[in-house]
């Protein structure tokens, strides 16, 4: 039957002029272990080989300087140390801002308590005194609309960055709103109650002029090294709040008895 199909015996592995190129074994199966397409592995090896050859050629021609392992290690250590000090300065800014706000809030509450005691001794006050008391309560509760330049320069940049992000967020939100929700859109079919329900009569746009003004004091502070910023923040926390940034503790006296020292090395 195979002879009728054209099979001739002795052809497999037969010698002759073309005997050297004859395959005597079946093609081996290579199992792929990755998800790369056909030919991707060879292309990757080719690119790596060309990159290595290019680097060797540049080294031979003197275009690429040889990297000293010690210099590379020192540079990496310096970069990590700089990033660590920068993170510490940012954390100190947040602590200083929080403590200053708490101190201002306590001062405002003390003023309110004194005013309430005085009013209780005087009896029923008039409407002007009551209105003034309400204003002081709002101030103690953390009133908004505080000029940026009135904030301590040590953490003014942190507050400015936060306000800029909030302004960008509000601008994106306004752009995402539909035209019919804008106060400038007038619909003839809407009556007074519809406008009130849609909130078109209560829309208030807050301008952030402080963010556009120049601040030389803040610019000068930003030019300082992170280590100097951290030193000033640590000194401020110790002097104004009796707080050691390295101990993470608020002391009861100005001497701060029990604190090893001012620097981080003193706390090692």
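Even glycines carry a Cβ here, placed using N, Cα and C.
Listed in TrEMBL:
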- 1-49: region 'Disordered' (REGION)
- 1-43: domain 'G-patch' (DOMAIN)
- 7-19: compositional bias 'Gly residues' (COMPBIAS)
- 30-49: compositional bias 'Basic and acidic residues' (COMPBIAS)
- 97-142: region 'Disordered' (REGION)
- 97-106: compositional bias 'Basic and acidic residues' (COMPBIAS)
- 113-125: compositional bias 'Basic and acidic residues' (COMPBIAS)
- 162-201: region 'Disordered' (REGION)
- 162-175: compositional bias 'Basic and acidic residues' (COMPBIAS)
- 185-194: compositional bias 'Acidic residues' (COMPBIAS)
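On the 0 to 100 pLDDT scale, the domain 'G-patch' (1-43) averages 73 in the predicted structure. Helix, strand and coil counts under DSSP for the compositional bias 'Basic and acidic residues' (30-49) come to 10 helix, 0 strand, 10 coil. Under DSSP, residues within the compositional bias 'Basic and acidic residues' (162-175) fall into helix, strand and coil as 14 helix, 0 strand, 0 coil.
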